[in-house]
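Colleague: According to TrEMBL, the feature transmembrane segment maps to 12-30, 58-76, 121-139, 251-274, 306-324, 344-365, 377-395, 415-444, 496-520.
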Amino acid sequence: MESIRKLCSKRLFSAVASVALGLALLPLALSPHKEWRCAFVIVWVAGMWLLEPVPVAATALLPVVLFPVLGIASSAETTVQYMKETYMMFLGGLMVAIAVEECKLHERIALRVLLFVGTDIKWLMLGFMLTTMVLSMWVSNTATTAMMVPIVHAVMGRITAAEDIPMHEGSSLTESKHVFDTEEENKSVGSRQSCDAGGVSSLRVALLLSICYSANIGGTGTLTGTGPNIILKGMLEELHPGSTEVTFATWLLYNVPGMVLCVFMGWIYLWMVYVKCSNVDHNLASKEDIHRIISQRYKKLGSPKCNELTVIGIFLMLVLLWIFREPKFVSGWAELLGVNVGDSVPAIGASFLLFMIPAGGAPILKWQTVQQKLPWGVILLTGGGFALAHGAQVSGLSSLVGERLASLSVLPPTAIITVLCLMTAAITEVVSNSTAATILLPVLSQMALSIGVNPLSLMLPVTVSCSYAFMLPVATPPNAIAFESGGMTTAQMAKPGIVMNVVCCAVQIFMVHTLGVAIFDLGTFPNGRTKPLQP
């Protein structure tokens, strides 16, 4: 009853605050100048995204109503922003990822990797992190975390030789309990040495944090890995027509090294601070038992099934088509065939095959499954961001913002990037990463033009930093899953999260000045002028 009362109070506050914000901004809506009317829409929508009186996906549809009514853009212009080529690429990639989840291919890969790395805690943690990272590049971060966390609990059950780790009723893990049956937790595991309770607790926290960190970081590795990446590509197409710098191949070349470096630094940090100091590894008496339970679970999957082999074949085909469509360093297949195609073509083609090819009398992928698992809210939010960016362009608001930001040209670009990355990492602790990207990227594009640097030099590191949300359980679904299942305190997540935020932002700043310059030619300004990206 108390929780219901608090929820109602929060919703009432959000609703009243949103209405008050709209009334306070009303003079902008009544202005004769189109750019100020557009500013009203953008600021009010952004405020409602932060306050959440209604779901953010519903708020993302407001431009469809407000832009035509206020004379900013026609309904035809506005609605087409919700179905762009980038959107179709994202949709196709998500459907292929759902097929991977449905056939449990990601579970087979995860268990196989854990068997390979062994049962030494140091390497087991690295195995958890690398597996989660790789899977999160292609499968939803939430699904990957929900699959990996029960494996952590099973391993901890063997280390502590204690009672089952409780799974909180109603938590996000309920749907993933199939990964490890509770009966396995109850089996006798023989004699073992006792472990220090504080050390074991630190180990549990470290392993769970390693999972959510890797899931968040892994989403940065591919263009379809998480919402902000796709939003960046769509914004570039809308704000800078003809921009071809960001492709699936160039994104991989730029982000994978930084992603791997962030995960390894996170592993070293968690190992040194939480695991090594606890001395738990020296108390393990049954590493063979940990190997046994993972091996048993892997054997339960049986031999690779026809649907798994088909999905992995289509998945690999899709990745290769994405990479070699326009790889930049050689002529891509689209150029060789003389056809004008985007990344949406192989994505939709691959997902269509999954609906057609049967497995056990039914298609590999069913539309009912897609309806249930597809993150429609993120897709609508992405479209809302594209619509706002279009409105800012056609109304002249972008030019107005650019004039106001021109004074920042006296600051070194590196200083600006550093502040923006840290600010973005802080913002995404309280709003979703897609929301943050939707709000920030159009402003940063115009800001870059005003200070005379390549827009991508600001937009790219900020986009990646949108995924660096490690401090609070509400920041991302992986954080919430790890927090809830491990019974952590907010401080246990926030303290190491601050360190990870700073470390990952530092890595991103280094990458944009090295690989970013080499791959995207960030020293070149769009109109041909050059302003090197330097301190």
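Glycine residues also receive a Cβ, built from the backbone N, Cα and C atoms like all the rest.
All annotation found in TrEMBL is predicted automatically rather than curated by experts.
Surface or core, plus neighbours and distances: that's what I need for these features.
Modeller: Same-chain residues lying 6+ beyond the ends of the transmembrane segment (251-274) with a Cβ under 8 Å from its Cβ atoms: 122, 125-126, 129-130, 133, 137, 202-203, 205-206, 209-210, 213-214, 217-218, 220-223, 229, 323, 460, 464, 496, 499-500, 503-504, 507-508, 510-511, 515-516, 519-520.
Sequence-distant contacts of the transmembrane segment (306-324) (same chain, six or more residues past either end, CB-CB distance under 8 Å): 93, 96, 99-100, 103-105, 108, 138, 223, 248-249, 252, 332-333, 343, 346-347, 350, 353-354, 357, 359-360, 364.
Within the chain, the transmembrane segment (344-365) has long-range Cβ neighbours (under 8 A, six or more residues past its boundaries) at 85-86, 88-93, 95-96, 98-99, 102-103, 224, 305-307, 310-311, 314-315, 317-318, 321-322, 325.
Within its own chain, the transmembrane segment (496-520) has Cβ neighbours under 8 Å at 209, 213, 217, 245-246, 250, 253-255, 257-258, 261-262, 265-266, 269-270, 273-274, 414, 417-418, 421-422, 425-426, 454, 456-457, 460-461, 464-465, 468-472, 533-534, counting only residues six or more beyond its boundaries.
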Colleague: Same chain only, please: residues at least 6 beyond the ends of the transmembrane segment (377-395) with a C-beta under 8 Å from a C-beta of the stretch. Say none if there are none.
Modeller: 34-35, 37-38, 41-42, 45, 55-57, 59-64, 67, 72-73, 77-78, 81-84, 86-87, 90-91, 227, 230-231, 234-235, 238-239, 401, 432, 434-435, 437-438, 441-442, 446
